[in-house]
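Some notes on the structure that comes next.
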Amino acid sequence: MANVVVVGAQWGDEGKGKIVDWLSERADVIARFQGGHNAGHTLVIDGKVYKLSLLPSGIVRPGKLSVIGNGVVLDPWHLVGEIAKLRGEGVEITPDNLMIAENAVLILPLHGELDRARESHNAVAKIGTTGRGIGPAYEDKVGRRAIRVADLADEATLALRVDRLMVHHDALRRGLGIEPIDREALLAQLREIAPQVLPYAKPVWKVMNEMRKAGKRILFEGAQGALLDIDFGTYPFVTSSNVIAGQAATGTGIGPGAIGFVLGIVKAYTTRVGEGPFPAELKDADGERLGERGREFGTVTGRKRRCGWFDAVLVRQTCATSGVSGIALTKLDVLDGFETLKICVGYDLDGERLDHLPIAADQQARCTPIYEELEGWSESTAGARSWADLPGAAVKYVRRIEELIQCPVALLSTSPERDDTILVTDPFED
Ligand code: GDP
Ligand code: IMO
Ligand code: MG
């Protein structure tokens, strides 16, 4: 029996939420380990749509423990709002089924303000962030001036932390033309929200290790995707955390040995939201068609996602950096009806063929895709629940992807619905 880590293997929005929801039936604990409410994970259960940003996708299943680990940056006002929204949709959330790490860093209103001010003030430095303060909050974490969940319990500590933050932030704000922080108002806001967050605050590392010893099954839910990773992504057009599988251990306080199966979530084509290089991007009718059929609009910001062909070079690379054991291939149905399909199998950089994406930004921008063409299929794969339901050309497409990325398919998804999923290998039993 293995614990399972689910990670995005492209630029996010691969369908992690749907797969985590499906797998969570087999799990006891579902834990987020990085990112924050920049994530947007969609679950569709018997036609009912749930959109989660901060809460683990396991929260909709009764009897499961959902965990927000120390690697997450937590906006307490958003947390309370998301809990209220889900309760309104009939989901039960109490300190018995939701636990938040005491050492998780808080996102404050000033982080969102800074994020948005930077994005709008400086066209040169624009990243196309979600504007939710993720980057500035992580900056304060490594800058050793952040406020953490546990600090909410003590007024004197809170005041000290706010003073420390103000020294740094007021200087930045002056430069950007934003008024200084209102110390008393911020402290009052924090005092007001504290009793709504503190009941969930626990030593997550301890509970996780106890769960592990007791043989409970843990499912780690990654956010974003490996190409948005702060180290291995298309820097600087990335998010501000490590999102690859290794982060599951440091982001919850459990040793790396607790990670068994790494499930990479892979969309059958490629999308990206925000700025940055995207070699296999399509700016033509095929790209439009992928966007329309795949309903490629951001869950968090509503922005139109950029679309392109499947890029096997990138996924082979991200399977390596996360140590992916098997992939869940999603949205195969979106490709129904294309006469021919293309897969990017290499890049041309100034006349030289590359089998990986180079690190240097100027080289990334100059990489042009080398494509292989495959036959499409006219039949519908939407809602298929077994291999036997798939047309031959679709099976060939999937097999070719496995060969090119050097990683097997463990799950296949053919619609947004929970049960429209084909199981090849059970990650918990592998
Ligand atoms: P996440 O951020 O990785 O959880 O993915 P998002 O929820 O942001 O985006 C994935 C979108 O694709 C959601 O609207 C899902 O409901 C939808 N989706 C997931 N799997 C499939 C699939 O196999 N087929 C289709 N057509 N849609 C899917
Ligand atoms: P899920 O979990 C897709 C992108 C933003 C931007 C960059 C930095 O739903 O897959 P940030 O606000 O994190 O500082 O923005 O990262 N981004 C995502 N793109 N899916 C996500 O999450 C994303 N989270 C952040 O669009 O380009
Ligand atoms: Mg998403």
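Counting starts with 1 at the first residue shown.
A Cβ is built for glycine as well, from the same backbone N, Cα and C atoms used for every other residue.
For reference, Swiss-Prot has these:
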{"type": "BINDING", "residues": "12-18, 40-42, R305, 331-333, 413-415", "note": "GTP binding site"}
{"type": "BINDING", "residues": "D13, G40", "note": "Mg(2+) binding site"}
{"type": "BINDING", "residues": "D13, E14, G15, K16, N38, A39, G40, H41, T130, R144, Q224, T239, R303", "note": "IMP binding site"}
{"type": "ACT_SITE", "residues": "D13", "note": "active site, proton acceptor"}
{"type": "ACT_SITE", "residues": "H41", "note": "active site, proton donor"}
{"type": "BINDING", "residues": "T299, V300, T301, G302, R303, K304, R305", "note": "substrate binding site"}
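Highlighted here would be the binding-site residues (N38, R303, K304, R305) whose C-beta falls below 6 Å from ligand 1, but none qualifies. With the fewest other Cβ atoms inside 10 Å of its Cβ, the least crowded of the binding-site residues V300, L332 in this structure is V300. Residues from the binding-site residues list (G12, K18, V300, T301, T414) with a C-beta closer than 6 Å to any atom of ligand 2: G12.
Looking at T130 (IMP binding site) and T301 (substrate binding site), their Cα atoms lie 7 Å from each other. The highest number of surrounding Cβ atoms within 10 Å, among the binding-site residues G12, G15, G40, is found at G12. Around Q224 (IMP binding site), the same-chain residues at least 6 positions away in sequence with a Cβ under 8 Å from its Cβ are G8, W11, G12, Q34, G35, N38, A39, T239, S241, V243.
In three-state terms derived from DSSP, K18 (GTP binding site) belongs to a helical segment. Sequence-distant contacts (6 or more apart, same chain, Cβ under 8 Å) of T42 (GTP binding site) comprise G17, K18, V49, Y50, K51, L52, T299, P416. Within 10 Å of the Cα of H41 (active site, proton donor), not one of the binding-site residues from the list R303, K304, R305, L332 places its own Cα. By the rule that a residue counts when its Cβ sits under 6 Å from some atom of ligand 3, the binding-site residues G40, Q224, T299, T301, K304 yield G40, T299. Apart from T299, V300, T301, G302, R303, K304, R305, the residues listed for substrate, the same chain places the Cβ atoms of G40, V273, F297, G298 within 8 Å of the centroid of those Cβ atoms.
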